[in-house]
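Peer 1: Provided herewith is a single structure, encoded as structure tokens, for subsequent inquiry.
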Amino acid sequence: MAKLSLGSTFSIFHSRHIRPPLAGCHVTKMTVADHHPSLEVVGGARDRFLPSLHTNLRLPYNPFPLIAWNRHVETIFASFLRSIPQVRLRRECLRVKDGGSVALDWVSGDHRRLPPDSPVLILLPGLTGGSQDSYVRHMLTKANGKGWRVVVFNSRGCGESSVTTPQFYSASFLGDTYEVVKHVGARYPEANLYAVGWSLGANILVRYLGQESHACPLSGAVSLCNPFNLVIADEDFHKGFNNVYDRALARALCKIFKKHALLFEDMGGEFNIPLAANAKSVRDFDEGLTRVSFGFKSVDDYYSNSSSCDSIKHVQRPLLCIQAENDPIAPSRAIPREDIEENLNCMLIVTPKGGHLGWVAGAEAPLGAPWTDPVVMDFLEYLERGASKTGKFSADSEAVQRSSGELHRIEV
């Protein structure tokens, strides 16, 4: 099928559901690429999903002055100075098959307040992140305010959760994700399940979508700031100012490790516990502990086989990916654009700026929610309107929504 160019247009009466307008009526034509040129929007599902995001994507991406002029300033500002919404959470400790445990943080009171068929949103934070992080809290409150049941999936040791076996989580390990999705689905069998992941959480989420493929129980997902190719991300991690992030994440990993160091006492083989405990970089930590725990021959072997760029072609559920062109941690050159364009379930939005987990732009900038939050919710609510209770997106209901949306563009 030939791809439509940016300037391609179509009339609303091209749909078989709508007759040509009467004489004297003016028809507004809309472009297939109905978004502002400051944004890159591509993907095999672009023409399906773009109309639902028109409200936000038709406006220019305006980064907040002074803060967003530099990608590092924006990244650091968002990490340290963005507001953190206050919300009461209820923690559920889930013991998984190998004896490990993860922490699921639910919004307190939702089990009484929300009906059992309310859509459920599972949030997967980035490396060492958890329900305490500002970007997680903003997404949580935004979705919960619209009647969604939200749960934060804190990986082993993250979000002040306990580590109960001598194994952390990693970019390669999907076992906990399988068990969390299964557990949440069993708890709310009448509801559709969705997921949003950031950074390493996004990498894990996309790998899960690709592994599950047609059998995936999720009705849709969103990937934000995904590094996609961990080999490329590791290369850039050791360049210039990026070393600051590398050292900061290494310190966070060491802090978690030292809390549970007794679990790793007397571990032999290829483990290098002193290196992991005193890691100066994420690569050091992965060399001393992660790659050995999960059976990889080297760190490069671990990164190469844990990258989600290879999973995109297997995704069979609606997936929105949002990246920043100037992201210092998730390089733009690592985005698997070709696979996203060829997959009829995927769409990619690339903003000109945003840093990593920044996106200090939009109505709530600079201290409020990132620019991405309303875009994510528009996408998820569009999917929920068209989703059947079997967890699959309904193409028929999508066609009806598109037709009714086109009707509103007739002007007399």
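Glycine residues also receive a Cβ, built from the backbone N, Cα and C atoms like all the rest.
Copying in the features that TrEMBL gives for the protein in this structure:
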type	residues	note
DOMAIN	119-357	domain 'AB hydrolase-1'
ACT_SITE	SER199	active site, charge relay system
ACT_SITE	ASP327	active site, charge relay system
ACT_SITE	HIS356	active site, charge relay system
Peer 1: Between SER199 (active site, charge relay system) and HIS356 (active site, charge relay system), how many Å separate their Cα atoms?
Peer 2: 8
Peer 1: At the level of the C-alpha atoms, what whole-angstrom distance separates ASP327 (active site, charge relay system) and HIS356 (active site, charge relay system)?
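Peer 2: So the Cα of HIS356 (active site, charge relay system) lies 5 Å away from that of ASP327 (active site, charge relay system).
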Peer 1: Name the residues of the same chain, 6+ apart in sequence, whose Cβ is under 8 Å from the Cβ of HIS356 (active site, charge relay system)?
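Peer 2: Correct list: ARG71, THR75, SER199, CYS225, TYR245, ALA324, ASP327, PRO328, ILE329, ALA330.
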